[in-house]
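Report on one structure; see the data block that follows.
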Amino acid sequence: MTIQWFPGHMAKARREITEKLKMIDVVFELVDARIPLASRNPMIDEIVSSKPRLVLLNKADMADPAITAEWERYFREKGIATLQIDSQSGKGVGSIASKARELVKDKIDKMIQKGMKPRAVRALILGIPNVGKSTLINRLAKKNIAKTGDRPGITKKQQWIKVGKELELLDTPGILWPKFEDQIIGLRLAATGAIKDELLDFQEIAVYVLKFLKERYPERLKERYKLESIPEDVIELFDEIGKKRGFLQGGGWVDYDKTAEIILRELRSEKLGRLTLEKPDDYE
Ligand code: GDP
């Protein structure tokens, strides 16, 4: 479901999350490992400043492992704990509970010192649409929890999902908006499929993707599209790929819509391999 984020929606989403934060000990901030900053909410630091946070680099199965390691270092240097996970297969998900416990150890120790009974750590999953919040909740719950819809403003009774003895999770995630006013960030979100395709200009995104591949993954581009060399001009490159794939219209013109669609589909389905669309250096 596409969300239209209006100022009113943003304020409401923020208010709802602030309410949920009162009930929990730790926030699991879910980001897409292929775009770890572009898939963050621009106000996240301010919104969750009161709680310890674990950044979960989800879809790590699709990201470039060497760059994921760079991102882990980036967050570590900022004092933010991370874990790489793949919510779809469950890889890495088993470490979440113990990592969460480490983050709130001091708080729990203090409670025990005061004579309170130790209890499970309570957590909230937060993230922008499509980063995999529902997939992760279902994975942790080991069953299918109905998706409540990516609509801020839908309220229902909060329930806790027990994850082993150590962790309890709110069954509805907190949904935040991405930083869509920034054009490059918008293109990165679009390239990974984080924005509904009906809203997109495929050709514009494909041109962005080709420029990116040419710079960061030229060998894969050559191999996938059987190119001997990569033309300097990105439109020529677009043309050549269309011709190689035989996407021609009447008069022998390349069908750009079809070519753009294939480039995006292949990027998203890992036909171009595991890749990451941004590095920490891009933000320096
Ligand atoms: P939500 O909007 O944040 O709740 O996102 P969803 O849980 O609906 O996931 C969005 C899409 O990403 C779905 O097609 C999921 O199957 C896919 N997905 C979620 N997590 C992963 C992951 O770790 N790896 C891969 N490859 N796909 C994932």
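Placed from the backbone N, Cα and C atoms, the Cβ positions cover glycine too.
For N58, K59, A60, D61, N130, V131, G132, K133, S134, T135, G174, the entry in TrEMBL reads GTP binding site. According to TrEMBL, the domain 'CP-type G' annotation covers 14-178.
Proximity of the binding-site residues (N58, A60, N130, G174) to ligand 1: a Cβ under 6 Å from the molecule is found for N58, N130.
Under the DSSP three-state reduction, S134 (GTP binding site) is assigned to helix. Along the domain 'CP-type G' (14-178), the predicted structure has mean pLDDT 92. Binding-site extent for GTP: residues N58, K59, A60, D61, N130, V131, G132, K133, S134, T135, G174, maximum pairwise Cα distance 24 Å (rounded to the nearest whole number). Of all the binding-site residues listed (G132, G174), G174 sits in the most crowded Cβ setting, with the most other Cβ atoms within 10 Å. The Cβ of N130 (GTP binding site) has 19 other Cβ atoms within 10 Å, all protein chains considered.
A strand conformation is recorded for N58 (GTP binding site) in the three-state DSSP classification.
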